[in-house]
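As structure tokens, the structure follows; a few thoughts come after it.
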Amino acid sequence: NAQFTRDHSYVNEKTGKKVEVMDLVITNALIVDYTGIYKADIGIRDGLIASIGKSGNPHLTSDVDMVVGIATEACSGEGKIFTAGGLDTHVHFLEPEIAEVALDGGITTIIAGGTGMNDGSKATTVTPGKWWIKTQLQGADGMPVNVGFLGKGQGLNEPILEQIAAGACGLKIHEDWGATGHAIDSSLTVADKTDIAVSIHTDTLNESGFVEHTIAAMKGRVIHAYHTEGAGGGHAPDILETVKYSFCLPASTNPTLPYTVNTIAEHLDMLMVCHHLNPKVPEDVAFADSRIRAQTIAAEDLLHDMGAISITSSDTLAMGRIGEVATRTFQIADKMKAQFGALKGDSEFSDNNRVKRYISKYTINPAIAHGVSDYVGSIEVGKLADIVAWEPKFFGAKPYFVTKMGNIVRCLAGDPNASIPT
């Protein structure tokens, strides 16, 4: 317990920073992670998770995994649930305030595209060209979140490669720029050469081919398929078919999650605004209508529960909400248990298998999809100490605090002139 980190007892008074002591110890944390659900102390050093196990003074206590010394700060984890900082891999980078709202929802890593409030960025998660990538990286430099930008996945290999050299962490193919077979092949060819991820928003209008043509252009190469259900965009009406291919990493965006009585009602207007459509033009309305299908939206929840769709994200400011990724994810889990009962291996009172399945959807799975799982996405030794604490009664709704590389960057706090910190 953090109350007992005292000199000559829990604390080794001879150990300063030069010895391998922790900078921060979170005591008695209940860890909920894809690796398991268990209790342990979490030791943080130099911004990384350095140890998970038992903390203390090895001169007085046996089997100590991490040393608490003079240089160690204490954080009491008793009564709290701890998860890895989440990832939102579908972010329209339109305004810097999204970083604050992301942290409020337990998201510490965003994979984004955009250039501010330009019409192209309102519609597509793309930061096109090396100048835009440079300026957006500069703009994001002061944000207390990890940020990666997606370059435009259209064109020949050389201009695509320029964007990677400029600092893009991946490529985005979007139908508004043309989700053609050529764009898919060019982007995946560059991705194979440079070891980066490719994301795709497929061709709703089927103007350059049908879903089978898009799948053929992928040639079995791995791709992250955004909003696989289709309301966020994609081959109408059968983009959902991509979930059956092992090389397609299927995702959902949160405006359709979970499917409830009001889901359909809000979508048409959102779509018209985000994609620069005119409600007075019948063709524009027909395009929007083709994307909003109650049957496939309803199927999406069940496919998540089966594990067929493996990632949740927001599509923030372009139909989705960045602060609700964790909330919507666990709302699906709750809805599915109510409708279909416990998963295999779970029971009425134990949901560990379902909890691990759903926590993975916005932590380790998107981290793997974008090639950053060595750094973020789980509570494991060696990864960034991006950790979210939750009070059990608010789990998945509002974090108790959020750390970025071990520093608390979001928490409950009172009036700065108050006599107590709460």
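Every residue gets a Cβ built from N, Cα and C, even glycine.
Please treat TrEMBL annotations as automatic predictions, because they have not gone through curation.
According to TrEMBL, the Ni(2+) 1 binding site annotation covers HIS90, HIS92, LYS172, ASP315. Under a cutoff of 8 A between CB atoms, and with a sequence separation of 6+ in the same chain, the neighbours of HIS90 (Ni(2+) 1 binding site) are ILE111, THR125, SER199, TYR226, HIS227, ALA251, THR253, SER313, SER314, ASP315, THR316, GLY320.
All protein chains included, LYS172 (Ni(2+) 1 binding site) registers 29 other Cβ atoms within 10 Å of its own Cβ. Among the features that TrEMBL reports, N6-carboxylysine is placed at LYS172.
The Ni(2+) 2 binding site annotation in TrEMBL covers LYS172, HIS201, HIS227.
For HIS174, the entry in TrEMBL reads substrate binding site. Secondary structure at HIS174 (substrate binding site), taken from DSSP and collapsed to helix, strand or coil, is strand. The Cβ of HIS174 (substrate binding site) has 25 other Cβ atoms within 10 Å, all protein chains considered.
Around the Cβ of HIS275 (active site, proton donor), the same chain contributes ALA123, ASP176, ALA288, each under 8 angstroms and 6 or more positions distant in sequence. As annotated by TrEMBL, active site, proton donor applies to HIS275.
Each residue in HIS90, THR124, THR125, ILE173, HIS174, SER199, ILE200, THR202, ALA225, TYR226, GLY232, GLY233, GLY234 lies on the same chain as LYS172, HIS201, HIS227 and has a C-beta within 8 Å of the C-beta centroid of that Ni(2+) 2 site, without being one of the site residues. Of all the binding-site residues in the list HIS92, LYS172, HIS174, the shortest Cα-Cα distance to HIS201 (Ni(2+) 2 binding site) is found for HIS174.
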